[in-house]
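Okay, structure first, notes after.
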Amino acid sequence: MSRKQYHYKGAEVSCCVKYVLFGFNIVFWLLGAAFLAIGLWAWAEKGVLANLSSITDLGGFDPVWLFIVVGAVMFVLGFAGCIGALRENTVLLKFFSVFLGLIFFLELTTGILAFVFKDWIKDQLNFFINNNVKAYRDDIDLQNLIDFAQNYWSCCGAHGPNDWNLNIYFNCTENNPSRESCGVPFSCCIKYPAELDQQKSINTKGCVGQFEKWLQDNLIVVAGIFVGVALLQIFGICLAQNLVSDVRAVKASW
């Protein structure tokens, strides 16, 4: 009887769960550190770190923000998960699992709302692209992002080339002194116009429509990526909760 009681109280922390969670978070932490380093390096190159007031001068979306925010969140979560798993710290493990669960919930909610309010999302996407068209020359990272999108989806502007009239450099008016007046960025140009049976040398389709078409054509791949990310998050939460339960069982047996 006493022997059975001894084994019941001899609870142990699963080394497998502990080190799998630790390895999971090491990768998470390193990726976060890499994203954060890239974002801070890009800011330093643009002189933002030397003059923080320049943050408010950006008229459009700065892609560097994406690296910094995503990197910072991943870095903090990965660090909490690593230390929590290694030191068997239930506070850090709870922080990791709760915060990861909150991110999962926000992603799920965003996905549902995007499906329900897809027309409103489309209007916001139009507004977002047009705002960034206006700020095309204000930030080199934004410029590269727009050029990449227009090259990749073979599009020009939100709805078409005329959207570039919103930009002060490409605006087609008589009093515009810019050499780019009545033009469009090079990324709007068709790569091999000689091979096409048409006289136009620029893409006439808007990026909003091309993006919607791309989503429809790659729906399975996009859905697979989202499901894969969700499963990884659930896996991390389950590991953390399992480890918390093991630590509590060990403490209860003392």
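Including glycine, each Cβ sits where the backbone N, Cα and C put it.
Nobody curates TrEMBL annotations by hand; they come from automatic prediction.
Taken from TrEMBL, the feature disulfide bond applies to CYS155-CYS188, CYS156-CYS172. The transmembrane segment annotation in TrEMBL covers 20-44, 64-86, 98-117, 219-244.
Against the transmembrane segment (98-117), stretch 219-244 shows more Cβ pairs under 8 Å than any other of 20-44, 64-86, 219-244. Within the same chain, the residues at least 6 positions away from CYS156 (disulfide bond) whose Cβ sits under 8 Å from its Cβ are GLN150, ASP163, TRP164, VAL184, SER187, CYS188, ILE202, ASN203, THR204, LYS205, GLY206, CYS207, listed in sequence order. Long-range neighbours of CYS172 (disulfide bond) (same chain, six or more residues apart, CB within less than 8 Å of its CB): ASN165, SER181, CYS182. CYS188 (disulfide bond) is surrounded by 24 other CB atoms, counting those within 10 A of its CB over all protein chains shown. Every protein chain considered, the tally of other Cβ atoms within 10 Å of the Cβ of CYS155 (disulfide bond) stands at 26.
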